[in-house]
């Protein structure tokens, strides 16, 4: 009986680990996202499939990563995503990519991807990168052209161009839609806004400073 229970526990944990590893496995060859379904009253975890007779090769094609993005913003970086919202053929495939462009000394600010592990490949330049564990331990190093670095799923991480020339990297994810939460935007640009006294107490600063920081992050909605 004890051996049976141990076997059951091992199988259960193996199945649970598989279900948490990334997006759910697909149940057919392709399931091209039907964006028109968003106009209806129903919502799914993902997108419904187009009828196969309506699928074309263009559903699996995206040319949005070929050109550098505009880094003329406050942080000096821009992310161009190739996820299921841009490339419908990715639906149920459990993968996506992004191009990240950095101005000289540009920063991709601390953020998380709640649904995916990220791996980056530096194409040009060199980056100072790092992630922070739930025990608040920082793992950081410099990653140069041709090198790769991994950011574990859900952990806060960042990249910074450490040179005076532009840089760019390609990122890959084990999710069709990894999601991104920028720490500063999330806390100071939420809609409706987080109470200022909550943020003041959390960061141990005064309310006036909180309002000043909030003014830098206008809500997007």
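Glycine is treated like the rest: Cβ placed from N, Cα and C.
Record features (TrEMBL):
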- 1-21: signal peptide (SIGNAL)
- 31-49: disulfide bond (DISULFID)
- 63-211: domain 'Cupin type-1' (DOMAIN)
- 108, 113, 118: oxalate binding site (BINDING)
- 111, 113, 118, 157: Mn(2+) binding site (BINDING)
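Locations of recorded TrEMBL features on the structure.
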| residue | record | Cβ within 10 Å |
| --- | --- | --- |
| 31 | disulfide bond | 21 |
| 49 | disulfide bond | 20 |
| 108 | oxalate binding site | 24 |
| 111 | Mn(2+) binding site | 19 |
| 113 | oxalate binding site | 23 |
| 118 | oxalate binding site | 22 |
| 157 | Mn(2+) binding site | 23 |
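The two recorded residues residue 49 (disulfide bond) and residue 111 (Mn(2+) binding site) have their Cα atoms spaced 31 Å from each other. The CA atom of residue 157 (Mn(2+) binding site) is located 9 Å away from the CA atom of residue 108 (oxalate binding site). Across the fold, the C-alpha of residue 113 (oxalate binding site) and the C-alpha of residue 31 (disulfide bond) stand 24 Å from each other.
Using the Cβ center of 111, 113, 118, 157 for Mn(2+), the list of other same-chain residues with Cβ within 8 Å runs, in sequence order, 112, 131, 151, 155, 156, 178, 180. Cα separation, residue 118 (oxalate binding site) to residue 111 (Mn(2+) binding site), rounded: 12 Å.
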